[in-house]
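**Q** Checked TrEMBL, it gives:
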- 15-37: transmembrane segment (TRANSMEM)
- 139-162: transmembrane segment (TRANSMEM)
- 172-264: domain 'FecR protein' (DOMAIN)
- 324-392: domain 'Protein FecR C-terminal' (DOMAIN)
Amino acid sequence: MPSCHLHLFQKKGVLLLTATCAVLIYFKEITFFYFLVGNFFKKFVLSIYRYKPHMSQDRFITLITKEFTNELTASEESELAGLLQDPLLKARYDLFKAYLSNNQSDHSSDERVFNKIRTKIAQQEAFPISSQKSKNKQYLWKVAAAVFVLIIASIAIMTYLVGISTRQIAYTERAAKKSFTLPDGSKVVLNAESKLIYPKTFKDKQRQVTLVGEGFFDIAKDPKHPFIIHTEQMDIKVLGTSFNLKSYPDDPFSETTLLTGAIEVTLKDRPADRLTLMPSEKLIVRNPTAKDELPESKSSAITQITHLQKMDNTVIETSWIFNKLIFAEQSFVDVSKMLERAYDVKIDFKNQHLKQLKFTGHFERESVTDILNALRLVEPFSYTMQDKKILIY
């Protein structure tokens, strides 16, 4: 921590920028924020504005710091007044004082403070000045702009860091599932190799979470605070309902399956088009970024709405919750992805045409080799397995 900051080190809710080291610090309850952003801001200012501190500015920083903490002596007060004859130091002093006096807890008025300093500088320019002073004031404008940029950037970064600290991440590995309750009482079950990002508490008008992978949601009803689930391809808005959402990045399609209630789906590349699903309906959306065998497409516009499928009175789309592996007329490559996630194995195809074989099956406690042996009774193929690697040929 630079010595010029020590006087305000214990303060909370204070913004401080020093001319010596060009570091902007927001003192809240975490003082280590300086170490996170200090060097970044210093390099930012020095590289853009090529600021070069001099000896009087070192002393200047000490004096204004003591003034803001009511520690300034009479002799130091006179010394500070002399330093403030420098228009560059005077502008910095005015900016610091205005911001610290009027804006410690309200970051929304940054522009107002900046305009105030701008007006003061403009008033000074009304007096005749030499060409050298004109250059100084042009440089002063750059410094004032740098300070304003730093204030805005600091607030943005602090907001981002605080946002990170308030987020929770639920994650499942392969061959694993996780059930948990969100802060609003909503129930979630995550399938294998999935991730859900959500806040510690829902404080905004909307309850927003982000899903990567597959999850079953039973959302607590709260009409005043809609529940929004963000995925790579779509956003799902619900008030209170139960549904399954599947959105793996490497799958060719994302699926939303509604069991009860109603949901509104907005596609990321078609925000004007909103689709409403009713119970027992499933929406299938093309994933243009997936590595699959389908023709290339840059849009997720290829969609369809189908009805839920059942096998032995079990909804196929949610069978994984009950540790069942059910598929109907699925391609071998899709079945292989299900097996990879459920059994933590890696499956490769030596013969590419085998990927398009279609299978229907219902399995519960069988091993991965039992399932493969059952499948090859339907369609002929061979496989080898070493450790967790399976080769289909």
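Here, residue 1 is simply the first one shown, and the rest follow in order.
Backbone N, Cα and C define each Cβ position, glycine as well.
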**Q** By DSSP, what is the split of the domain 'Protein FecR C-terminal' (324-392) into helix, strand and coil residues?
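**A** Residue counts in helix, strand and coil order: 25 helix, 25 strand, 19 coil.
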**Q** For the domain 'FecR protein' (172-264), give the DSSP counts of helix residues, strand residues and coil residues.
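**A** Result for the domain 'FecR protein' (172-264), in helix, strand, coil order: 0 helix, 50 strand, 43 coil.
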